[in-house]
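Trainee: Below is one structure. I have some questions about it.
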Amino acid sequence: MLLLGLGLATGMEFYVADSMNLVLVDLTGTLGVSLDQASWILTTYSLALFLGVPVSGWMAGHFGPKRYLIGSVALFAMASVGCMISPGLETLLICRVVQGFAASALITWWRSTIYIVLPRPHRSGNMMRASILLSLSSATGLIVSGLIAEYLNWRLIFVPALLFALGAIWLLARYYPPCPPFTSERLRTSDWQGMILLMVAVASLQILLSRGEIDDWFASSHIRTLALLGVGALVLFLLWQLHPRNRNPLLLLTVLRDRLVLSAAALGIFTGMILSGSLFVLPEFLRGAASQTLSASQAGRLMAAYAVAAAVVRSVSGQLLSRTGQRKALAIAMILLSVSMLLLNRLMTADTPAAYYMPALILYGACQAIFLPSVGSGTMSRVSDEKFLDGVTLYMTFRQFGASLGVALLTILLEQRETLHSSRLYEALRAGQGTTEQWMRVGAQTLAGRDGFTPHRAQEGALDLLAHAGWQQVETLSYADAFTFMAVIAVITLFVIPLMPPTPVVKK
């Protein structure tokens, strides 16, 4: 029952995260904002989550794991109510910040609780069952939130999250066992200097990445100021964490001397990029740029395929890990990811039927089911108990850094590729001016044959059709490039895998 409580608590976060990405298009009309402005709903959440992970160990040490986890579930639920009744974008962003900070406990302490409470022989099986439950939560979120957004209102997608929260609070309050207080003085004291420096560094660099393309990067004085402030605060944070006078650092960076922790942290960056970036743009394309745009429920059902595949493959991935070892399993996962992303790139046209993307989504789900236990559970399970809490905090911190970095880089890539493809497209139109003029004449004649179209209005309509076709082609090519970028990330990750020490292989 404790495992179910942990699954409901973290499943609530998975449900909301996948739901918000799916219904982002619906928010733009209700709130009266552009898609670029609406993307801050995801960015602010990711930023708050990143800031919350490093302090999660201190929060658990200060309040106790049980009270901290239950309080975070309650805070996430209250923020969900705030999102549901937000009158505008500004209020919604504030509630998403609160959600992100609360979510840092949910994604960190479900794993930590299993390792703290359960004896070593029982950890692996319970981790697998919890992972399956989380994948099913994602599938539920995509299907249910799609139906709610289409037939009711996107604001009501938070109602199921409240049901998750009620169940989690009841189970955790009843079945979470008492834990002895942490003996580490570092987990019971506050590194306020470190917290402030990290907050300044992360906020400055996140705004820089988000606004850089809009403000012409370093040609803008305030972008240069943000860069200096962010880099300076980050350097000072690292120096302060390693300084002898700082007896209780926020992050115990010295545990990176352990090769297991170092490999988990390094691979954690790529884990975050893969989780946040691989399918980040697909719902947006399917619901906004494809010729046959999907409704929220149709897109949700399609996207749920990867989560269901992940749940199925996760049930047998433990056998693969025990037979091949972590490094070979990771290599297999990265090959699956590369094939999945390149397949999405190849299939992506404005007229591709949505069902054609299903095999690529299933491959991605299989990759996720192998990749996550290999990096997270597999590596951290071999870290000594005295280093575990610090190790998992570092792993999740680097993973969230990768998640924020992945979304930021993809956003920048899309903007740059849109500019490039637009210039190439209109150069081609000018080069083939005769063909373009002929297309315009045929389009105008077709429209002129319809009732209500004057010759002048038919010319304008033909021009609008040409502009829309050009925009659609530019968007399609740009989204396809995003999947190529993720395939490159998978290849780069292959070269990081040897950093992980070999694991004993069980031969049968």
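Even glycines carry a Cβ here, placed using N, Cα and C.
Annotations per TrEMBL:
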type	residues	note
DOMAIN	1-505	domain 'Major facilitator superfamily (MFS) profile'
TRANSMEM	38-61	transmembrane segment
TRANSMEM	68-89	transmembrane segment
TRANSMEM	101-118	transmembrane segment
TRANSMEM	130-148	transmembrane segment
TRANSMEM	154-172	transmembrane segment
TRANSMEM	192-209	transmembrane segment
TRANSMEM	221-240	transmembrane segment
TRANSMEM	260-282	transmembrane segment
TRANSMEM	329-348	transmembrane segment
TRANSMEM	354-372	transmembrane segment
TRANSMEM	392-414	transmembrane segment
TRANSMEM	482-500	transmembrane segment
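Tell me what's around each of these sites.
Mentor: Remote same-chain residues near the transmembrane segment (68-89) are listed as 9, 12-13, 16, 31, 33, 37-38, 40-41, 56, 59-60, 62, 95-96, 98-99, 101-106, 109, 113, 155-156, 158-159, 161-162, 165-166, 168-169, 172-173, 176 (criterion: CB distance under 8 Å, separation of at least six residues from the stretch ends).
Residues 2-3, 6-7, 9-10, 12-13, 17, 45, 48-49, 51-53, 55-56, 59-60, 65, 68-69, 72-73, 75-76, 79, 126-127, 130, 176-177, 179, 376-377, 380-381, 388-389, 392-393, 396, 400 of the same chain lie 6+ residues outside the transmembrane segment (101-118) yet bring a C-beta within less than 8 angstroms of a C-beta in it.
Outside the transmembrane segment (192-209), and at least 6 residues removed from its termini, the chain residues within Cβ reach (under 8 Å) are 43, 47, 50-51, 54-55, 223, 226-227, 229-231, 233-234, 236-237, 240-241, 246, 249-251, 404-405, 408-409, 411-412.
Note on the transmembrane segment (354-372): residues 131, 135, 271, 274-275, 278-279, 282, 286, 290, 292, 294, 298-299, 302-303, 305-314, 317, 320-321, 329-330, 332-334, 336-337, 339-341, 343-344, 347 of its chain, located 6 or more positions outside it, place their CB under 8 angstroms from a CB of the stretch.
Outside the transmembrane segment (482-500), and at least 6 residues removed from its termini, the chain residues within Cβ reach (under 8 Å) are 259-260, 262-264, 266-267, 270, 273-274, 277-278, 280-281, 326-327, 330-331, 334-335, 337-338, 341-342, 344-345, 348, 379, 406, 409-410, 413-414, 417.
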Trainee: For the transmembrane segment (392-414), could you work out the same-chain residues 6 or more beyond its ends whose Cβ comes under 8 Å from its Cβ atoms?
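Mentor: For the transmembrane segment (392-414), the far contacts come to 39, 42-43, 46-47, 49-50, 53-54, 56-57, 104, 107-108, 111-112, 115, 202, 206, 209-210, 212-213, 251-253, 255-256, 261, 264-266, 268-277, 280-281, 376, 379-380, 478-479, 481-482, 485, 489.
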Trainee: Give the mean pLDDT for the domain 'Major facilitator superfamily (MFS) profile' (1-505) on the 0 to 100 scale.
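Mentor: The predicted confidence over the domain 'Major facilitator superfamily (MFS) profile' (1-505), as a mean pLDDT, is 85.
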Trainee: Under an 8 Å Cβ to Cβ limit, what residues of the same chain, 6 or more beyond the ends of the transmembrane segment (154-172), are close to it?
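Mentor: Same-chain contacts beyond the ends: 1-2, 4-6, 8-9, 11-12, 15-16, 19-20, 23, 26-27, 30, 66, 69-70, 73-74, 76-77, 80-81, 83-85, 137, 140-141, 144-145, 148, 296.
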Trainee: Taking residues 6+ outside the transmembrane segment (329-348), which of them lie with a CB under 8 Å of any CB in it?
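Mentor: Here the qualifying positions are 267, 274, 278, 282, 285, 317, 320-321, 356-357, 359-361, 363-364, 366-368, 370-371, 374-375, 476, 479-481, 483-484, 486-487, 490-491, 493-494, 497, 500.
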Trainee: The transmembrane segment (260-282): which same-chain residues, six or more beyond its ends, come within Cβ distance under 8 Å?
Mentor: 21, 46, 303, 306, 330, 337, 340-341, 344, 357, 361, 364, 367-368, 371-372, 375-376, 379-380, 382-383, 387, 390-391, 394-407, 409-410, 414, 479, 482-483, 485-486, 489-490, 492-493, 496-497, 499-501
